[in-house]
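Engineer: Dumping what Swiss-Prot says about this protein:
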type: COMPBIAS; residues: 1-10; note: compositional bias 'Basic and acidic residues'
type: REGION; residues: 1-21; note: region 'Disordered'
type: DOMAIN; residues: 9-59; note: domain 'bHLH'
type: DOMAIN; residues: 82-152; note: domain 'PAS 1'
type: BINDING; residues: H119, H171; note: heme b binding site
type: DOMAIN; residues: 237-307; note: domain 'PAS 2'
type: DOMAIN; residues: 311-354; note: domain 'PAC'
type: REGION; residues: 367-437; note: region 'Disordered'
type: COMPBIAS; residues: 378-390; note: compositional bias 'Basic and acidic residues'
type: COMPBIAS; residues: 421-431; note: compositional bias 'Polar residues'
type: REGION; residues: 556-667; note: region 'Disordered'
type: COMPBIAS; residues: 559-576; note: compositional bias 'Low complexity'
type: COMPBIAS; residues: 587-610; note: compositional bias 'Polar residues'
type: COMPBIAS; residues: 614-636; note: compositional bias 'Low complexity'
type: COMPBIAS; residues: 645-664; note: compositional bias 'Polar residues'
type: REGION; residues: 681-704; note: region 'Disordered'
type: COMPBIAS; residues: 694-704; note: compositional bias 'Polar residues'
type: COMPBIAS; residues: 739-760; note: compositional bias 'Low complexity'
type: REGION; residues: 739-824; note: region 'Disordered'
type: COMPBIAS; residues: 766-789; note: compositional bias 'Polar residues'
type: COMPBIAS; residues: 794-805; note: compositional bias 'Pro residues'
type: COMPBIAS; residues: 809-824; note: compositional bias 'Low complexity'
Amino acid sequence: MDEDEKDRAKRASRNKSEKKRRDQFNVLIKELSSMLPGNTRKMDKTTVLEKVIGFLQKHNEVSAQTEICDIQQDWKPSFLSNEEFTQLMLEALDGFIIAVTTDGSIIYVSDSITPLLGHLPSDVMDQNLLNFLPEQEHSEVYKILSSHMLVTDSPSPEYLKSDSDLEFYCHLLRGSLNPKEFPTYEYIKFVGNFRSYNNVPSPSCNGFDNTLSRPCRVPLGKEVCFIATVRLATPQFLKEMCIVDEPLEEFTSRHSLEWKFLFLDHRAPPIIGYLPFEVLGTSGYDYYHIDDLELLARCHQHLMQFGKGKSCCYRFLTKGQQWIWLQTHYYITYHQWNSKPEFIVCTHSVVSYADVRVERRQELALEDPPSEALHSSALKDKGSSLEPRQHFNTLDVGASGLNTSHSPSASSRSSHKSSHTAMSEPTSTPTKLMAEASTPALPRSATLPQELPVPGLSQAATMPAPLPSPSSCDLTQQLLPQTVLQSTPAPMAQFSAQFSMFQTIKDQLEQRTRILQANIRWQQEELHKIQEQLCLVQDSNVQMFLQQPAVSLSFSSTQRPEAQQQLQQRSAAVTQPQLGAGPQLPGQISSAQVTSQHLLRESSVISTQGPKPMRSSQLMQSSGRSGSSLVSPFSSATAALPPSLNLTTPASTSQDASQCQPSPDFSHDRQLRLLLSQPIQPMMPGSCDARQPSEVSRTGRQVKYAQSQTVFQNPDAHPANSSSAPMPVLLMGQAVLHPSFPASQPSPLQPAQARQQPPQHYLQVQAPTSLHSEQQDSLLLSTYSQQPGTLGYPQPPPAQPQPLRPPRRVSSLSESSGLQQPPR
């Protein structure tokens with residue numbers, strides 16, 4: 001009994017422990033089963049254990065590969081992940097990663113291609129690498145990519161795992177906002193090797209599907225790819241920031257009306273890198289891209305006109321020397337008291353490159369072209385009109401621009417963009433402007449003859465001004481026609497379209513040259529005519545002044561030889577500046593001819609009169625010389641000066657003079673000539689414009705000097721008790737000999753025939769129309785020093801002659817106003 005009870009107790013405890021163990025094992029199996037993927041049905045314990053074992057084996061293999069490929073911690077910063085470190089390395093090396101199949105299809109490209117070449121990754125994916133290369137390099141690059149297939153049809157794992165890198169150089173096409181621009185290539189370097197990958201998606205519609213034959217291709221599922229790092233041969237110092245997704249980042253700033261920074265938001269430093277104190281006081285145009293300055297200037301003008309607006313997308317230079325795309329909403333704030341514009345408030349938003357490209361192409365009225373048209377080497381046009389900022393950069397590639405094949409050219413973005421700066425130069429040649437012009441200019445070129453009028457002979461009064469040189473914008477609009485390049489797949493059709501464009505430009509240039517040559521010939525003929533008229537006027541002036549001494553000798557036999565010599569010197573001094581002067585205006589020529597004719601006619605008339613009219617002739621000739629020497633470019637109305645000298649001399653006066661003085665003595669003529677030879681100095685030409693129009697009427701008034709002038713004693717004057725001596729005043733406006741001061745000198749010897757009141761002598765000089773505002777200068781005529789004992793003439797008391805002013809030189813008028821004073 002006791003043994004049986006002991007056995008039952010042991011059996012019960014053993015069963016209890018086994019049950020506990022089985023329950024614990026079932027819990028673990030159930031937990032493993034829940035952790036396995038794809039648990040759609042209930043699995044037994046054996047299946048669960050098999051799957052767990054398989055997962056552990058895979059995990060061990062992956063861990064081993066990760067340890068091999070993982071970057072060692074000794075040279076990689078611990079706070080950077082592998083992806084971040086790879087991106088930083090690519091940016092520092094000016095490179096990107098690309099994966100290309102053996103037939104040239106691009107299956108992967110990193111995002112760093114955008115700041116380097118301007119392509120979006122989505123545009124490059126599933127395209128063929130040969131589409132981005134010049135035609136001269138297609139065969140060479142294709143041989144490099146298919147080189148491993150020539151060695152063996154099925155690459156061995158040892159060949160694929162070899163560390164021998166493959167390096168080669170080529171040119172890669174640059175991306176641009178405008179696909180119509182002439183293609184530009186960048187010189188790059190490929191460094192990489194071949195790797196095998198499974199389940200690589202086959203590209204579709206890349207244009208090179210039939211390049212390789214089916215037997216030469218690697219079987220599906222065992223694709224071999226060329227993985228390489230692409231670097232620029234010429235490093236870029238200014239790169240475009242790669243922002244593919246819209247980050248919705250913005251910041252505010254405040255500017256003056258001249259667009260200088262006055263305030264910067266705290267959100268700006270993480271975006272542009274500048275602290276507020278680094279940009280305050282600087283102009284916003286210092287941070288903008290050179291290609292966006294013209295568009296931003298237009299936006300600034302629009303803002304100043306309307307007070308608010310939105311700018312276009314533009315590039316802003318960050319502190320890290322990268323271009324970031326921004327778009328600004330701005331408005332002008334006004335002072336609350338005087339309502340004057342105070343400053344400009346701007347809200348800047350970050351824009352992605354993809355959005356900018358879509359917006360620019362919409363502005364250009366272009367549809368998003370397919371891959372063949374986007375990366376084609378030929379210029380293709382959809383027939384839409386191009387805006388002025390579209391340029392044909394044909395001159396940048398030289399003579400190879402006419403060829404459809406793309407010649408390799410190592411040009412960076414900075415050198416490529418600097419070629420557009422010639423548009424802002426006003427002195428650019430038409431050849432350079434041809435590359436920068438806008439195409440819609442045929443209507444302006446058709447009206448070219450109307451825009452260049454040739455002045456006729458009716459405008460001979462004024463010299464024809466030289467033709468104004470047209471600005472760069474007008475010249476380019478006249479030169480370039482509106483040419484539409486039809487998109488043709490054949491290279492010869494593309495060549496013919498380009499050739500027709502250059503032929504049209506050549507015809508426009510030849511037409512412009514013919515018009516300019518005709519204008520030059522017309523101007524030369526007009527200049528020749530003016531020179532002939534100048535020679536005629538100068539010859540007449542020489543004859544006039546050579547005849548003047550002979551006229552004076554015919555009436556004054558007592559004139560001394562030294563007076564004749566002084567008169568000849570004076571005439572030579574007047575003639576020499578006129579002969580040495582430059583070309584004059586036609587208005588001056590005509591006035592000088594009329595002046596010389598009137599002077600010759602007056603001298604011939606005066607030669608038939610008595611001694612007293614001789615003095616009037618000398619007075620008129622002196623004033624005529626002064627009037628002719630004061631001819632200025634401002635007016636041609638001085639031709640009316642000599643005919644307006646109305647001198648009235650009665651016959652009775654000349655008879656009295658002949659009876660009372662049988663042997664006349666005209667020694668006082670010399671003193672009168674000396675006084676009249678003083679220069680009449682008007683104001684400088686610059687002061688003519690400074691006068692108000694209301695002062696013009698005052699210049700013609702008569703100015704009287706009541707105390708400072710001496711009395712002019714006329715030999716034929718009536719007695720002092722019933723007459724007054726006339727007072728001569730010579731003005732630039734009007735000069736009138738009028739009786740205004742009584743004479744107290746007795747004249748008992750005056751004959752009775754001369755007691756009649758002689759008519760007053762009026763010397764009237766009309767002021768020129770263009771010299772109304774000149775200063776009126778008066779000549780103070782001293783009294784005659786009459787010889788004592790002369791019959792019939794009163795003897796005035798000896799008066800001290802007024803000192804003569806030294807002649808002054810007026811640079812703005814003729815040099816004849818500065819004649820030397822003859823010796824006393």
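Placement of Cβ uses the backbone N, Cα and C atoms for every residue, glycine included.
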Engineer: Within 10 Å of the Cβ of H171 (heme b binding site), how many other Cβ atoms can be counted across all chains shown?
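Structural biologist: A 10 Å sphere around the Cβ of H171 (heme b binding site) contains 22 other Cβ atoms.
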Engineer: When DSSP is mapped onto helix/strand/coil, what comes out for H171 (heme b binding site)?
Structural biologist: strand
Engineer: Tally every other Cβ atom lying within 10 Å of the Cβ atom of H119 (heme b binding site).
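Structural biologist: Result for H119 (heme b binding site): 22 neighbouring Cβ atoms inside 10 Å.
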Engineer: Could you give the number of helix, strand and coil residues in the region 'Disordered' (1-21) as assigned by DSSP?
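Structural biologist: The breakdown for the region 'Disordered' (1-21) reads 20 helix, 0 strand, 1 coil.
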Engineer: For the domain 'PAC' (311-354), what's the model's average pLDDT?
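Structural biologist: The answer is 89, the mean pLDDT of the model over that range.
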